[in-house]
Amino acid sequence: MAASDKSVDDSLYPIAVLIDELKNEDVQLRLNSIKKLSTIALALGEERTRSELIPFLTETIYDEDEVLLALADQLGNFTSLVGGPEFAMYLIPPLESLATVEETVVRDKAVESLRTVAAEHSAQDLEIHVVPTLQRLVSGDWFTSRTSACGLFSVCYPRVSQPVKAELRANFRKLCQDETPMVRRAAANKLGEFAKVVEIEYLKSDLIPNFVQLAQDDQDSVRLLAVEACVSIAQLLPQDDVEHLVLPTLRQCASDSSWRVRYMVAEKFVDLQKAVGPEITRVDLVPAFQYLLKDAEAEVRAAVATKVKDFCANLDKVNQVQIILSSILPYVRDLVSDPNPHVKSALASVIMGLSPMLGAYQTVEQLLPLFLIQLKDECPEVRLNIISNLDCVNDVIGIQQLSQSLLPAIVELAEDSKWRVRLAIIEYMPALAGQLGQEFFDQKLRGLCMGWLNDHVYAIREAATLNMKKLVEQFGAPWAEQAIIPMILVMSRNKNYLHRMTCLFCLNVLAEVCGTDITTKLLLPTVLLLAADPVANVRFNVAKTLQKISPFLEASVIDAQVKPTLDKLNADTDVDVKHFAAQAIAGIAAA
């Protein structure tokens, strides 16, 4: 009897611990308990999880948002723990409660889990358990439940009977006309998703009127979400229907009084273009694109400027060049000297991409003058974006036409007061060097690259070191031996210990690309020389460097030169030097 009581006690223990922890005043303990729910459910078994754990959880949904969020997340993966899809309906009540709470992230997670659980129901159980839940949420007194309802239509609709489908469409229409803006916003957000699962005749008769109504809503936060739905609906309809049913609303959105709506049109413009096809693009979207390129709001101009390349790339190939030259470039020219730096920077990041479309002659005639203006722009981001996209133009006209104009811009960026600008140009330098060629690089840019090694910002020195490695990969080890290694070795004699450290960092990475001969002949002697440096930081970096370059040295060189130096460092008075020397000795021995 005692043994039987003990087994009952043991089986009750997990739920007892859970209840204790869930009632604990410490939020972290409650949170930890929720995160262990799957373990507790496994300990209880499927039947007791359904009959005890789930009801208990349903009653405790009055907690901190963080705990509720974790609970909503856990329940989405609970179907197997309650016995599989035929028992998935047991998870609906706690998730329905969570879908009505005030905190948005909790509701969103609850809806996400409800969608997962709903998809695991059979079609019959969906109508019996999930659809009534959806209808309760639709008719809830609080807007929170009605906003959550919007996310469930698309997952239920494809698998229910025709009469239920008609009810769902009616319920969705009701939400689109809800008096609360938050609900209409949620409906607009899910309209495109719902449109994808609704039959085409009901899309035209039921959903498009909802779409038109939402696109004319008095709240701009609702109207801008209708723009997203516009893309989905246009993809689903034949061209004729797009022209009659969608385009009037799209035109209206493109000239909306709210800049936020126009911004959303600009953001979605290429998606809209793909959805409506080339003919409608030529007749309707090109004028709308022009309108947005000269929008009064800088945010809208910047958003649409980033789409210039993609919009032009998706134009009908037969008329592409003619449309770009006559309808797009005149507006782009104005943006090159836009008063807002963000607009100019956005355009500079994509304008080079027009070059392959226009070909060599038009690039030189039409685009080159614009590039040269941008290369002299006062805003470093504009100059940087042009330089970062040079490969497009290089492929079309060759770099020679640009190189002399490039140089002043590169020098200014290389010496910019903002270290992040300097960092960006360093990271692009290997690609730039490849395009400009070794001769031009040696004459004009090598000095800049060496200068960065002495920058006062560590991140710049670090990036400049990696830049050296990439340049050697680009131009080869013989070039490194003749052009840069002598200049780096000079740094080992600099009075400033930071320069001597940078020298070591360079030798570290150059060994990988220069090979055994150069490493042994040129790099190693300098490293060994620095082992006697008066600064401990330099000495322990010598130990690290010796370990790093040892794979590129002959065994005899390691035995004769590297190991004696490391043994000496291992007896150093500085604890860090000893530590890294011992680490290097062990590392080389294990190799």
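Backbone N, Cα and C define each Cβ position, glycine as well.
As annotated by TrEMBL, repeat 'HEAT' applies to 14-52 (among others).
The repeat 'HEAT' feature in TrEMBL is assigned to 91-129 (among others). Same-chain residues lying 6 or more positions outside the repeat 'HEAT' (91-129) and placing a CB less than 8 Å from one of its CB atoms are 54, 57-58, 61, 65, 68-69, 71-73, 75-79, 82, 85, 136-137, 140, 142, 144-145, 147-148, 151-152, 155-156, 159-161, 164.
Taken from TrEMBL, the feature repeat 'HEAT' covers 168-206 (among others). With helix defined as DSSP H, G or I and strand as E or B, the repeat 'HEAT' (168-206) counts 31 helix, 0 strand, 8 coil.
Taken from TrEMBL, the feature repeat 'HEAT' covers 207-245 (among others). Nonlocal intrachain contacts for the repeat 'HEAT' (207-245), taken as residues 6+ away from its ends with a CB within less than 8 angstroms of a stretch CB, comprise 169, 172-173, 176-177, 181, 184-185, 187-189, 191-196, 198, 200, 252-253, 256, 258, 260-261, 263-265, 268, 271-272, 275-277, 279-280.
The DSSP breakdown of the repeat 'HEAT' (246-282) into helical (H, G, I), extended (E, B) and coil residues amounts to 31 helix, 0 strand, 6 coil. Marked as repeat 'HEAT' by TrEMBL: 246-282 (among others).
Here the repeat 'HEAT' (285-322) has long-range neighbours at 250-251, 254-255, 259, 262-263, 265-267, 269-270, 272-274, 276, 278-279, 328, 331-332, 334-335, 338, 340, 342-343, 345-347, 349-351, 353-354, 357-359, 362, meaning same-chain residues at least 6 beyond its ends whose C-beta is under 8 angstroms from one of its own. Annotation comment: TrEMBL describes 285-322 (among others) as repeat 'HEAT'.
Distant neighbours of the repeat 'HEAT' (328-366): 286, 289-290, 293-294, 298-299, 301-303, 305-313, 320-321, 373-374, 377, 379, 381-383, 385-386, 388-390, 392-393, 395-397, 401; these residues of the same chain sit at least 6 beyond its ends, with a Cβ under 8 Å from one of its Cβ atoms. The repeat 'HEAT' annotation in TrEMBL covers 328-366 (among others).
Annotated repeat 'HEAT' per TrEMBL: 367-405 (among others), in sequence order.
The repeat 'HEAT' annotation in TrEMBL covers 406-444 (among others). Confidence across the repeat 'HEAT' (406-444), taken as the mean pLDDT and rounded to a whole number, stands at 79.
Annotation source TrEMBL lists repeat 'HEAT' at 523-561 (among others). Within the repeat 'HEAT' (523-561), the DSSP-based counts of helix, strand and coil residues read 34 helix, 0 strand, 5 coil.
Summarising the annotation, TrEMBL assigns repeat 'HEAT' to 562-591 (among others). Sequence-distant contacts of the repeat 'HEAT' (562-591), counting only residues of its own chain at least 6 positions beyond either end whose CB sits under 8 Å from a CB of the stretch, comprise 524, 528, 531, 536-537, 539-544, 546-547, 550-551, 553.
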Outside the repeat 'HEAT' (523-561), six or more residues from its ends: residues with CB under 8 Å to it: 485, 489, 492, 497, 500-501, 503-505, 507-508, 510-512, 514-516, 568-569, 572, 574, 576-577, 579-581, 583-584, 587-588, 591
